[in-house]
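One structure is given here, and the rest of the page talks about it.
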Amino acid sequence: MARIAWYQEKIGAYDQQVWEKSLEQTDLNGLDSKPKKTGHIKPDLIDVDLVRGSTFSKAKPESPWTALTRKGLVRVLLFPFFFQWWIQVTSKSISSCIFMLYFMQVAAVVLYLDVPGASASEVFGPMCLMLLLGTVHCQIVSTESSRWPSGSPAASSTTSPARRRRCFSHLDEYFIVENSSFLSFEQEGSGAAIKVKPREVERLRPSVGPRPASDTDDTMWEELLQGPDSASTGSSDSEGNGRNLRLSRLYLLFSLQNQLSWLQACHPSKDRVSAIIWEQGECKKADMSVLEISGIILTRVKQVEQGMGYLMFGGFVTATLALLPFAFRLAQHLHMSSLSSLSMSEIVEIAVGPPDPKAYTFFFITTVQRICLTGLFFFMMCVAERTYKQRLLFAKYFSHLTSARKAKKSEIPHFRLKKVQNIKMWLSLRSFLRRRGPQRSVDVIVSTIFLLALSISFIICAQLLHSHKTFLDSVTNWELMLWGSSLVLFLLRLATLGSETNCKYSNSSVLLTEQINLYLKMEKKPNKKEELNIVNNVLKLATKLMKELDTPFRLLGLTVNPLIYNITRVVILSAVSAVVSDLLGFNIRVSTGFKCFCLNCTGGLT
């Protein structure tokens, strides 16, 4: 990339005239020559990020999804070499269970060649599931290294040695004195000096404990994951480690102080609204902040008992998928009329085969693998479904804030949007509640379910187009249909919950009702008409702003990438329309109807 940037500047210089070169030089030197004075952020104003929710940021991975996918595949395929990493990102017991499943999978691949009655799906199905689950978990835990401030010594295990040396050279500019009466520094813009006393410096020294989750101690495997540049100089960075470790927590304190001052200036944590609360049936008033109101809503959400329906459904599908190969072999070689005349040992021999230690071992291994790995996958889907239900509860309680009857019933605070400050609090609370709970990690799970359902649908359509008369003669096709049906049911459930959540947050009837209340107050108090008119205009602007900032690519509440949307519409639904046309005998266009359906669901935004 450095060569590309150099050549870009080189060829760009041939296009420049004298006036452009002089302007560039003026732009470079202009900022340094200007006089500067201490400033501060005005806390009474809001940014568009506050309404959008970007102010309440969440942890994000530093690597792109392609690199995370590659790392996940490598960590699963070479599981024994990354056993310590798996312990750090899961637990010792879970990693040990996965370790056993890994070697059972190796044994199943070896035994597959010697068992004539085994199907390919029995051995390759668990293998694909293990790779998929490992990749998803690697993407979920990829934010662990980004929790530290960028360039901090604590994150040095995931950065190259050259980059760490550059970071520590900058740290030396901040931290010159380590043992003095007090310590590297004033915050520009706040006007407040922060002093760190020797006791605090001593407390900030790193204690001996577990290291952050790193890939492995072996540089060969580090090179496999990170590339040769990051692992080649790993042994040359041993000098100065003690000083670097001593500076790590002090740097963290410096970063946190900067972040806290910014949060206090930008976040609406100090703004308060006069809210009505109910205690033992009595109506009382209290000044509450966004954090206090959201804390009450969070408590109410946690008190709601979640159902077990989808967890039981996942267990049922897991058991069905585990027993499906045996039931299929039994149905192929047996009629229902002769089932009652056979003994249990004869039925087992038909389903599994003649007594053979290798065959019995193979079927036992594959059954255990299918139960464990399929159960883990459906467990993850149930986690996503529970998260979507909690998001809906957050949206539900948020919509109750401005209704006295619903707020009293839900036992949450109540306030009206009768002041501009109240509208600001309402918008801030809306963005804050939408950011609560798991976000990116659950989106990774939902995206995986979505892409897996698309892949299975494509395979089923291709199989039907190839030979629809013999489609049900393969156990693999039965498994694909069962997987596809269960995934579609979960996606429909998530889509329903997501659509209801978006409707709760984007419901303009709340703002319209508050506008009517303002007109009623104008009639009652004509002396405050000008002030109430200002609030009314702000409510109109808030309605427009909420519509403007809605996520453009939404499919029934699920965030859909435009590329995935186009692949779904063009490829998958074209295959579905071809299958339906082949079966019914006349042409039908499913993709056009699906496009109109999506436009209706998303308000034409897609």
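Yeah, the Cβs are placed from backbone N, Cα and C, and that goes for glycine too.
Curation does not apply to TrEMBL; its annotations are automatic.
Listed in TrEMBL for this protein:
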type: DOMAIN; residues: 4-145; note: domain 'PHTF1/2 N-terminal'
type: TRANSMEM; residues: 93-113; note: transmembrane segment
type: TRANSMEM; residues: 310-331; note: transmembrane segment
type: TRANSMEM; residues: 362-384; note: transmembrane segment
type: TRANSMEM; residues: 444-465; note: transmembrane segment
type: TRANSMEM; residues: 480-498; note: transmembrane segment
Ranked first among 93-113, 310-331, 362-384, 444-465 for CB pairs under 8 angstroms with the transmembrane segment (480-498): 444-465
Long-range Cβ neighbours of the transmembrane segment (310-331) (under 8 Å; 6 or more residues past either end): 117, 119, 121-122, 347, 350-352, 363, 366-367, 370-371, 374-375, 378-379, 381-382, 385, 475, 478-479, 482-483, 486, 489-490, 493
Secondary structure composition of the domain 'PHTF1/2 N-terminal' (4-145) [DSSP: H/G/I, E/B, coil]: 101 helix, 0 strand, 41 coil
